[in-house]
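> Quick one: the structure is below, and I'll ask about it shortly.
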Amino acid sequence: MELLQSLNNEQKEAVTLEEGPALIVAGAGTGKTTVITKRIGWLIETGKAKPEEILAVTFTDKAAQEMEERVDRLLPYSYLNLEISTFHAFCDKILREHGIEIGLSTDFKVLSGTDGWLLVRENLNKFNLDYYRPLGNPTKFIHALIKHFGRAKDEEVWPEDYLKYVQELKLNKDASPEDGDVENEVKRLEEVAGAYHVYQKLLLDNNSLDFGDLINYALRLFRQRPKILEYHRRRYKYILVDEFQDTNWAQYELIKLLAAPKNNVMVVADDDQSIYKFRGASVSNVLEFKKDYPQAKEIMLVNNYRSPQNLLDLTYKFIRLNDPNRLEYQLAHGSTGSPLKTKLSKRLIAPHSEPAVIEHVAAKTDIEEARNVVEKIVELQEKKRLTWDDFAILVRANNSAEPFLAELERRGVPYQFVASRGLYAKPIVLDILAYLRLLDNYHESASLYRVLNLPCLNFSPGEIVEMTHLSRVKSWSLYETLKKAAGDAKTRSELLEKIEFLLDRVDKHSIIAKEKNVGAVVYAFLEDLGYLKHVIRAISEKSQADALNYLNQFYKKIEHFERQSPDKSLRTFIKRMDLIIEAGDEGGLETDIEAGPETVKVLTVHGAKGLEFSYIFVVNLVDRRFPTIERKEQIELPKPLIKEIIPEGDIHLEEERRLFYVACTRAKKGLFLTSAEDYGGARKKKPSRFLSEIGFVKEEPSAEKKKGAREAFEERMKEKPPAREKAEKQSFIIPSEFSFSQFKALETCPWQYRFAHVLKIPVKGRASFSFGKSVHAALQKFFQLILEQANKTQTELFNGSQKSNPAATPSLDELLKFYEQSWIDEWYESKERQNEYKENGKKMLKEFYEADKENWPRVRYIERGFKWKISDPDSGEIYPITGKIDRIDVLPDGSFEIIDYKTGKPADAKKGIDKNQLLLYQKAAQEILKKPVSKLTYYYLENASKISFTGNEKDFQKLEKEILEQIGQIKKGGFAPAPDPFKCRYCDFKEICEFREL
């Protein structure tokens, strides 16, 4: 089988395991992702499971996406969406399907850590806190409490469990903690347990769950509703768990429940790379797995395809300093009570013999350290003809990166700082917030000062100085100064024009802020001030891409706020942002490390997990920086409530050692460890203990390096930076999958496609979109209820072997109730217009109900996603096309009808009815369902009328030809503008498009 050709013996054995539990111990660089993805492919290709019968769980959305893409490339045919997701996403889906069975609303909100902080902050008076609410700083311990509740949920400790534990302590004080005053300790724990109870009640009262709840309520659902558990056990024949060493107690309990009784579960783990687990419990679940499944197959992957042998031997010797708290040691010494069938050795073996370069480079100062690192990168890049992508600088913490970023900038070396947070400090976000604050309070002079400095407004530095000076002299706010200047006949005409332009926009946007949601205000700012045009015309492609990326991410935060908050106004948003910043949230950042152009990557060691580079620079290797100082939990979970195996010894040091091990094992050709004596403090820094543990003795700085910091800095400034061209390679990434909406945008205008799908510029919403989504969501819920009533044990997705039961009929009142629940009140030009839309929607749904109430269709599927693959006969390449079908009905002859809802009128639609969307759905459905589709229908809800047709082979050949041509155009980056007065008039990007024709 071609799928197995490139695998070594151990990998092949893991991929082709037949039945039962399996533990795969996979060291760094041994191809664990290859094993997981090829096992999924093997299970499907051999017919052991359909794609939808395999559940693979991992820890991040990005990892899940990458895994799905790799499986995509392995499978040559179309299929329904694979179940590859994070634990939280999987449980979210389960609870939205079945949560009502345990009293949960299925439209709950999922709160982040910051959302939880805000919920507690806004309801602090409901908490009976004393110890954890100091008078001088009442919010001081909110973060600690939220984190503590999360830890309790990791161990599946419910509030009632915590309260019961405290009650037992009160009844039997001999069982209470040993240190401290017993009475006070019990009182403190009682306060914490009470707070946990209040927090959980607040969540439910606000129709919200946090991430820990997703796991625990899924567990409760499965335990209390055996039929639902049985359905999902039948649904998922095989389960795979990546990064098993980092799973917590509750997550493992969930896996055990789902896997039983056949226990076809494969877990992949490496305790030496456990860098996220609580208190160093890196081997806990692996040891528990062996106890739970004593007959599990055990396979060790030790062939490393990344690093040379000398580096592997060095790091292996280093990580063994964590013995006895390592899996290799504990299994060898019989810690599980279940002896290994084969002796475990985690010493990794490299197939190639060329040794890695491993050096320690010592410097006098942090500036010099950064200089040394960048000089070495430049030297290697030129000497070995490498790309900038071959280099990574790994820091222990984000705030240590600055000297290296500054030096890379000075030397003209292209770089990417891959930070996981810091969105709210990005210039484009600060600009938007400054303008929103100005609209909220005209006399917010600091915000107005930032606005005046926006390049799109063209105020000169001299003009800004002039106005700020006058503001101080006259004790006016900056806004008052502008108003007075606008009314002063002495104001120069050029300056007056700029001031009037700004004040006019502020007045206009203040009105919008009173009437519409904050998203509309932001869009008006981007459009009316010419801000977005300025970004589009940025000096460099990278500047443009970065700014638009941050804008997109911030706009998603705004959309999240509008979904969660009943009051979507600018003022409420600003208040919320103030609280978010007060909570210490810097704004999470999503970074695509594979996006062009070529750059040196600067990132934390945590961020480097799972990545590899030719040359790695692990920097700041000094005492108290790496390893860091231990920061204990402010509120520790009582030991009797902890179910995991917690090791003895210096847990923090072992955690830092694993982190250093992860850093070193990212390297393919060279590893450079750097340190300095002077980082700006009063004392010299001692070299990190890891340097001696890995085999380096302290290196004395050279004579040049012994110069003082000032001398070194001055000499560096005298140097002329090398004239280097930044590697501005094409940064456009070809999509990993395509959709009808992409093809439609490309067909309309390739330049529109570029704005929407390459630059991903946020667009202003439309009333028609809000209305359409509301109606679609109501119908989805309505038909979902029909399916649930018709068959409590709904058949597996697209399983044609089982017959549909006759559909039950919910009432019209239920349909209208779903409509009310689903209503989106955004982007309507006025309240009156919104009411018109809403009433029209009710009328449409009533007519829809009346038209079918006597003879409800046999609905089989609702809102079902698919992934159809099209092959290019010339190149042999396969491209996945994704889509979602509104509804599929079973016709009397057993064939299918595909329905797509439209909220427009059929008379309008006939002029330009686009058959391609439904033809694509027909082609995909027939291939995946293995049943004929005899009818394609656009259902126009405006008057409950339909337009139906059916595709034939000629239609499909034409469709496939068009799709392949469009994919080819996208791959070439062929986004030439195609302006047209009619198309441009309705284009979302007409305000920023220089090619528009209106």
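Cβ atoms are placed via backbone N, Cα and C, with glycine included.
Sharing the features that TrEMBL gives for it:
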BINDING   Ala26, Gly27, Ala28, Gly29, Thr30, Gly31, Lys32, Thr33  ATP binding site
DOMAIN    5-308  domain 'UvrD-like helicase ATP-binding'
DOMAIN    327-610  domain 'UvrD-like helicase C-terminal'
REGION    702-728  region 'Disordered'
> List the residues in the vicinity of the ATP site, defined as same-chain residues other than Ala26, Gly27, Ala28, Gly29, Thr30, Gly31, Lys32, Thr33 with C-beta within 8 angstroms of the site's C-beta centre.
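Filtered neighbour residues, in order: Asp270, Leu301, Asn304.
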> Based on DSSP, name the secondary structure state of Thr33 (ATP binding site): helix, strand or coil.
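In three-state terms, Thr33 (ATP binding site) counts as helix.
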> On a simple 10 Å Cβ count over all chains shown, which one of the binding-site residues Ala26, Ala28, Thr30, Gly31, Thr33 is most densely packed?
Ala26
> Tell me, roughly as an integer, the mean pLDDT over the domain 'UvrD-like helicase C-terminal' (327-610).
88
> Far apart in sequence but close in space: which same-chain residues, 6 or more away, have a Cβ under 8 Å from Lys32 (ATP binding site)?
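Sequence-distant Cβ neighbours: Ile24, Ala26, Asp242, Val268, Asp270, Leu301.
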